[in-house]
Every structure is written in C-alpha cells, then in structure tokens.
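Peer 1: I am attaching a structure below and will ask some questions about it afterwards.
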C-alpha cells in the first residue's frame with residue numbers, strides 16, 4: 001500500500017512521453033534550421049540553380065556553414081529533378097548528412113517536394129536511411145503530416161513498421177500528432193496497429209490520450225487494434241481517454257461490441273473512473289458509471305483512494321462529488337485502508353469550497369488516518385485538520401475550527417487537535433506563513449508595476465494631522481497631500497493575524513485606482529515602497545460617517561435629506577456593479593457611507609471589495625464586512641454570493657437611515673446576522689416609512705438574492721420619491737418642518753448647486769423635526785403620552801414621551817417603531833465589531 005501523501009501526480013509513462021515530445025520538437029527545430037539559408041547565400045544559390053551555365057561551373061565540394069551539400073541545397077532552394085540527377089551522376093552521395101544529421105531525402109520529404117523525393121529515390125537514395133534520432137524519411141513524412149509523401153515512400157519500398165530510437169513507428173507518430181490522412185495511408189499499406197513503443201504504448205493509447213476520435217475509429221475498425229492492450233504500467237486506452245476527458249472516445253470504446261474491460265486497473269490500482277475523477281472529468285465519470293455500473297466505485301487504489309476520494313483530491317468539481325455521493329455505493333465518510341476520508345483528501349490539497357460542502361453534508365471531521373509507513377506499534381493518527389495544517393492551508397484550519405465548536409470557545413488562533421495528543425496548533429502554520437509571505441511579495445510587485453504613475457506616492461509627500469479613525473488594519477489620519485486635504489489610511493504590519501493586511505491593501509488599491517464617480521470616494525494615491533509605509537490616500541470627506549451622524553451625534557434628518565443620501569449611495573453602488581469588471585463591495589454599512597457638508601454621500605472603504613470574476617474560492621469561505629449588515633447567503637456561506645449581497649446590505653442601511661436606529665440594536669452583530677439568515681427576521685417597518693420605500697425595503701432584503709432589485713431600479717424609485725417628498729413626509733401637514741416644492745425639485749441637480757441641504761443647517765432643526773414627528777402621532781396614545789411642543793428642549797421631550805426618545809445608549813428612535821416595544825424587553829449591546 002502506498003502513502004497517500006507521496007502519491008505522484010505524474011506516472012512514469014507521462015515522463016517518458018514528455019521526453020519523446022521534446023525529442024520530436026528538437027528534430028523539427030533541426031530540420032527548420034537546415035532549411036534556413038542566409039539571405040546572401042540564398043540569392044547566390046537561386047542564381048546557381050536558375051542558370052545552367054552557373055550550375056555547370058559550381059564546385060561539387062561546395063558546402064554551407066551548416067554542412068549542407070549541393071544536393072541538400074537543391075532540396076532547400078528550389079532545385080529540380082534535373083539538378084538532382086546531374087549532381088548524383090557527378091558522384092555526389094545522397095547519404096551525406098548535414099551537421100544536424102539529415103540526408104537530402106529527409107529535407108525533400110519535410111518540404112513535401114514529391115518531384116525531388118521521386119528523383120532522389122530513382123537516383124539511388126536509400127529510403128531506409130536513418131538520420132538524427134533514428135528517424136527514416138517515412139518518420140519525417142509522418143511528423144510533417146504529408147500523406148502523398150508517405151505514399152510515395154511506401155511505394156518505393158519503405159518499411160511501414162520501421163521504428164525510431166524510441167521505438168515509435170510512423171503509425172505511432174501519425175496517431176500522436178493527429179494526422180488522420182497519414183494514418184489512413186499507413187493502414188492501407190499494412191501498418192501494424194498493435195506494435196509497442198518503448199513503454200508498451202500502442203498507437204491506440206496515443207490517439208486516445210490526445211483525443212483524436214477519427215484516428216481511434218480508424219485503428220479499431222475491423223477489430224484491428226486491441227482495445228484492452230496494456231502498456232508497461234498496465235494502462236489501457238480507456239484509462240487515457242478517461243484521464244484527459246475525451247468523452248466521445250470513452251463513449252465509443254464502451255460500446256458493447258468492442259468488449260472493453262471498464263474496471264481494469266493499472267499498476268497504481270486506478271480504474272478509468274479513478275483517473276476521470278482525479279482530473280475532474282464529470283461527463284466521463286457519469287458515462288462510465290451509467291454504462292458499466294458501480295463496480296469501480298468501491299475499488300481502492302494503492303493510495304487507499306476510491307473514485308470518491310479521487311474526486312475530493314481534485315477538488316475543483318463539486319458537481320462531480322455530488323454525483324458520486326448520489327450513488328448508493330458511496331459513503332461520504334468512507335475510509336480507505338489507511339483511514340483517510342474524502343474530507344482528508346480535500347483538506348490536504350487546500351480545496352476549501354469542497355471542504356465546506358462536505359462538512360455541510362455530513363462529513364465527520366474527527367475520523368483519523370494513520371501513516372502506513374509506520375510500524376503497527378507507532379500509530380500516528382491524524383484528523384483532516386492536521387493534514388490541512390501540515391500543508392499550510394490555514395483558511396481550512398480556521399473553517400474546521402468554526403465547524404467544531406462555537407467561535408468564542410477558544411482563542412481565534414488555537415485549536416485542540418482531537419484524536420491526537422491534545423496539543424494546540426497555531427495559525428498561521430509554518431508553511432502557511434511562508435506561502436502567505438511569498439504571495440504577498442508577488443502581489444506588491446505586480447501592484448507597483450500596474451498602478452499608474454500618477455497614483456504613486458512617497459510618504460514624504462504626506463503631512464499627517466489628527467487621527468480620525470482606526471481599525472484592525474491601523475489608523476486613519478486627516479492630512480495634506482499635493483495641496484489637498486486628504487484622509488490617510490495607514491496600514492501597520494501584523495504578523496499574528498491570519499487575514500493578511502498586505503493582501504487587503506493590494507486589493508483595495510487595485511480597486512480604488514479604477515474608480516471615478518461622484519458618489520464613490522476619490523482615490524488620490526498609495527505608498528507602495530515598503531510594507532512598513534503602506535498607506536492609502538483618498539479625498540477627505542468632512543461630514544463624517546452616516547453612523548456617526550445618526551448614532552453618535554444623534555442628528556435627526558428630514559425625509560428629503562435622507563433620500564438625497566439614499567440616492568447618492570445607490571448611485572455609487574450602481575456604478576460599481578455596472579463596471580466592465582463589476583465590483584462587489586461586501587462591506588456596505590453606515591460606517592462606510594461618508595457625508596459631505598452639503599448633505600450628499602459617497603461610498604467608501606473598499607478593503608473587503610472584490611472584482612466579481614475573482615471571487616472564486618474566496619467567495620465561499622469568507623464572511624467579509626460587518627455581520628450586522630451582512631446578507632444571509634454571505635453569513636451562512638451556503639452558496640456563491642453575487643452583487644445582490646450588496647443590495648441586502650443597502651436595504652438595511654436605508655432602513656437605518658429612515659428610522660435612525662441600528663438594525664437589531666438589541667442583539668450582538670453575530671446574533672443579528674443569524675436571526676436574519678436562519679429565522680428570516682427583518683427589522684420592523686414603522687408607519688413613518690413611506691409606502692413606496694417600505695416596498696423597496698422588503699424587496700431589497702428578500703431572502704432570495706434573485707428577488708432583490710438592481711441598483712438601477714433602486715435609484716429610479718428613490719429619485720421618484722425624492723421629487724415627491726412633500727407627499728410622503730409624515731410632517732407634510734405642517735409646512736414649517738418641510739422644504740419648499742422648489743427645493744424638492746432641485747434634488748436631482750448636480751452636487752453643489754442651489755437648494756442643497758446642509759448637514760450643519762440640519763443640526764439647528766434637530767428638535768423641531770422630532771417635535772413634528774411626535775405631533776403627527778398624537779392620535780396614537782400607545783406610543784406617545786404627553787404632547788410635545790416644537791420649542792421644547794431635548795430633555796423636556798424625553799420627559800414628555802411615554803417611550804424615551806433618547807434611550808440609555810443615546811439613540812433617537814422613531815416613536816412608532818415596533819422596535820421600541822421589543823427593546824424595552826431586551827437589554828442588548830450596540831457593539832458592532834465582527
């Protein structure tokens with residue numbers, strides 16, 4: 001029994017065929033080299049062969065630097081049969097070789113000059129003469145794919161089964177290169193279809209491996225070729241076409257009248273089904289199972305792998321794994337002779353999407369494998385986690401820990417190994433750290449090369465002022481760069497975090513440098529010289545974040561101002577999603593919506609963003625961004641999410657903007673995400689939210705991503721609401737609390753135009769807006785007790801409300817929101833960390 005961890009990816013015959021391919025490439029290169037005549041020599045030779053007088057005066061001993069005689073040159077430079085005849089009558093030998101090892105006949109055959117070939121043969125050239133690599137003229141004709149030349153040579157006595165230095169016949173070569181017409185001619189002249197090459201490979205093996213269906217049919221027709229012939233590693237043709245995914249050849253060979261043995265094994269114990277699964281050939285595997293039954297499904301190779309294990313080793317075709325699991329003969333927790341499962345195989349090769357799929361479908365991560373190379377008294381039992389750790393697949397280690405126990409049970413970088421000695425493994429693993437460092441260096445070098453020069457900054461160009469924010473990446477400063485007030489996101493080195501800051505930095509810069517939209521934060525440049533100096537510089541947005549405005553400064557905005565912000569954010573997101581390479585933000589929340597002093601908004605912070613095409617495995621394995629605003633499909637990691645995940649987050653931001661409350665403020669972020677994902681709970685929609693917007697909200701946070709609207713539709717509907725804001729405002733009955741019709745029609749003008757709301761101006765209307773909202777609900781005694789006058793102070797309004805307008809956390813809430821009733825019964829946390 002072999003050790004799975006030492007399973008070779010290439011067989012001995014693979015290595016041999018690679019050498020054979022290289023040798024034939026060298027032969028072709030040498031032939032081309034002989035036929036490349038220098039320009040000055042070529043003109044002289046054209047004159048010699050174009051003039052009888054010049055030809056008669058030329059010396060028979062004439063040779064080029066590459067050793068070509070006049071006979072060779074006649075084949076290379078446009079000579080004719082009379083020149084050939086004359087030169088040979090004068091005693092020039094046709095057997096003379098060039099320095100590259102070829103006689104004149106080989107050059108004539110390679111150039112497919114039938115006239116010269118015939119003339120040389122009639123004048124005494126040896127049709128069986130071997131040149132470089134033991135190749136005869138017939139081999140050269142087969143390599144070049146010249147069927148007429150092949151026929152002429154065979155008519156003049158060439159041995160149809162002659163073998164070269166690697167024991168390939170012309171039929172081997174024709175099958176290898178896919179020359180169908182040459183194959184037909186060779187078969188017509190009696191070529192042996194079952195002759196073996198150096199490693200026992202027949203022409204049928206070669207054609208099956210290369211996928212030349214018509215040649216396979218030519219070889220098999222009339223029961224000429226042995227369809228069950230084995231090479232030195234016991235491969236049959238079905239092994240090769242299954243391995244390389246040639247479905248049409250597999251179907252042809254599995255015809256009942258050909259009597260192919262579909263469950264035959266090679267010296268490694270692999271059936272054709274094993275090889276199809278090792279290479280992710282779903283259609284081939286399905287064909288084999290449907291036509292031949294399930295016998296191959298239960299066979300183990302010498303590395304303790306069934307076909308299911310093989311599919312997990314390949315790991316990139318989950319549909320194939322699903323198909324195999326649907327067969328009654330397959331158990332997801334089947335253990336090979338060494339104890340390893342399909343989950344072990346997937347973990348060892350770093351297939352994180354497959355690992356998650358297997359775990360979700362009942363794979364047992366606590367089953368252990370043993371090292372077969374150890375004696376029975378030295379058991380080294382290892383779970384799949386240890387296999388992943390050994391290969392440096394730290395993301396899989398973290399994922400397995402997540403499935404093993406709640407996230408907060410152990411420190412984030414430790415995991416107790418079950419089935420082992422109880423020791424802890426830390427993340428990153430040694431190999432994982434090396435992989436990460438190598439990838440990071442490559443990413444930085446690539447970014448430096450691709451980033452336009454105008455975005456390259458030196459740290460000396462930046463003037464740092466006060467700190468305006470911080471995060472796991474480092475700190476954000478206000479500063480000055482190139483005569484602009486800017487925000488500087490300064491990264492710090494973090495060697496203990498499994499999530500690479502360098503990776504995040506490179507991704508964010510590569511995305512920001514391609515963005516240009518008034519509703520997306522403007523990129524100024526980045527410092528790339530050294531990881532210790534990494535910094536991203538963007539425009540400074542003076543109004544701060546929407547989160548700060550709503551929940552720290554506790555400002556109340558009128559409906560028009562809210563809609564202006566909502567439209568701007570939707571426009572920014574629409575831009576991201578409509579790019580040639582669409583970008584998914586993945587972290588859209590009120591922290592990352594920044595406000596100008598004029599009340600407009602931009603989308604910011606692209607540290608978690610990805611180009612949609614590059615999501616691949618990362619798409620399934622990360623929970624990017626803030627849990628409280630996370631789409632269910634992202635939180636559950638149950639499917640490949642799309643740009644519609646951003647629409648869900650936007651809907652929560654819109655609700656937050658309209659109500660002034662944090663979504664599920666009574667819950668921790670993870671609990672809020674779990675409630676939305678698993679219990680389909682959504683924030684309550686109060687009467688203060690206009691009906692057109694409430695309808696948009698419900699569609700935006702639809703559990704099914706396909707049911708959510710595109711941002712283009714969101715923009716259109718919100719702009720309609722903005723133009724009709726007077727008709728939707730709860731306070732529209734009192735003109736003192738709303739904008740004039742003319743100003744509401746200005747809402748679609750370009751930024752900075754007249755009639756714009758100003759965040760600073762809104763602060764003076766804070767108490768008035770609250771009073772207007774409270775007055776509009778005086779008919780609802782359950783919600784509001786004492787009537788509140790517009791001129792009352794914040795403290796007086798708090799005392800006058802049955803349910804506090806400003807709670808103990810300092811948040812102002814919609815008095816009609818059902819969240820009040822819930823929050824009074826639940827004490828919760830406003831912590832918004834991941």
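Backbone N, Cα and C define each Cβ position, glycine as well.
As annotated in Swiss-Prot:
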- 587: active site, proton acceptor (ACT_SITE)
- 462-722: domain 'Protein kinase' (DOMAIN)
- 2: N-myristoyl glycine (LIPID)
- 815-834: region 'Disordered' (REGION)
- 66-96: repeat 'ANK 1' (REPEAT)
- 100-129: repeat 'ANK 2' (REPEAT)
- 133-162: repeat 'ANK 3' (REPEAT)
- 166-195: repeat 'ANK 4' (REPEAT)
- 199-229: repeat 'ANK 5' (REPEAT)
- 233-262: repeat 'ANK 6' (REPEAT)
- 268-297: repeat 'ANK 7' (REPEAT)
- 303-334: repeat 'ANK 8' (REPEAT)
- 338-367: repeat 'ANK 9' (REPEAT)
- 380-409: repeat 'ANK 10' (REPEAT)
Peer 1: So what's near the repeat 'ANK 9' (338-367) in sequence-distant terms, Cβ-Cβ under 8 Å and 6+ beyond its ends?
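Peer 2: That would be 1, 3-5, 304-305, 308-313, 315-316, 318, 321, 325, 332, 381, 383-385, 387-388, 390-391, 393, 395-396, 399-400, 403-404, 418-419, 617, 620-621, 637-638.
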Peer 1: Under a three-state reduction of DSSP output, how is the residue listed as 'active site, proton acceptor' classified: helix, strand, or coil?
Peer 2: coil
Peer 1: Residues of the same chain, at least six outside the repeat 'ANK 4' (166-195), with any C-beta under 8 angstroms of its C-beta?
Peer 2: 20, 23-24, 133-134, 138-139, 141-143, 145-147, 150-151, 154, 160, 201-204, 206-207, 210, 212, 214-215, 218-219, 224-226, 229
Peer 1: Going along the chain, which residues at least six beyond the ends of the repeat 'ANK 8' (303-334) come within the CB cut-off of under 8 Å?
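Peer 2: For the repeat 'ANK 8' (303-334), the far contacts come to 1-4, 7, 268-271, 273-282, 285-286, 289, 294, 296-297, 340-343, 345-346, 348-351, 353-354, 357-358, 361-364, 367, 372.
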Peer 1: Using DSSP, how many residues of the repeat 'ANK 9' (338-367) fall into helix, strand and coil, respectively?
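Peer 2: Split into helix, strand and coil, the repeat 'ANK 9' (338-367) gives 16 helix, 0 strand, 14 coil.
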Peer 1: For the repeat 'ANK 5' (199-229), what's the mean pLDDT in this predicted model?
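Peer 2: Overall, the repeat 'ANK 5' (199-229) comes to a mean pLDDT of 93.
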Peer 1: Going along the chain, which residues at least six beyond the ends of the repeat 'ANK 1' (66-96) come within the CB cut-off of under 8 Å?
Peer 2: 33-35, 37, 42, 45-46, 49-50, 55, 58, 60, 102-105, 107-108, 111, 113, 115-116, 118-120, 123-126, 129
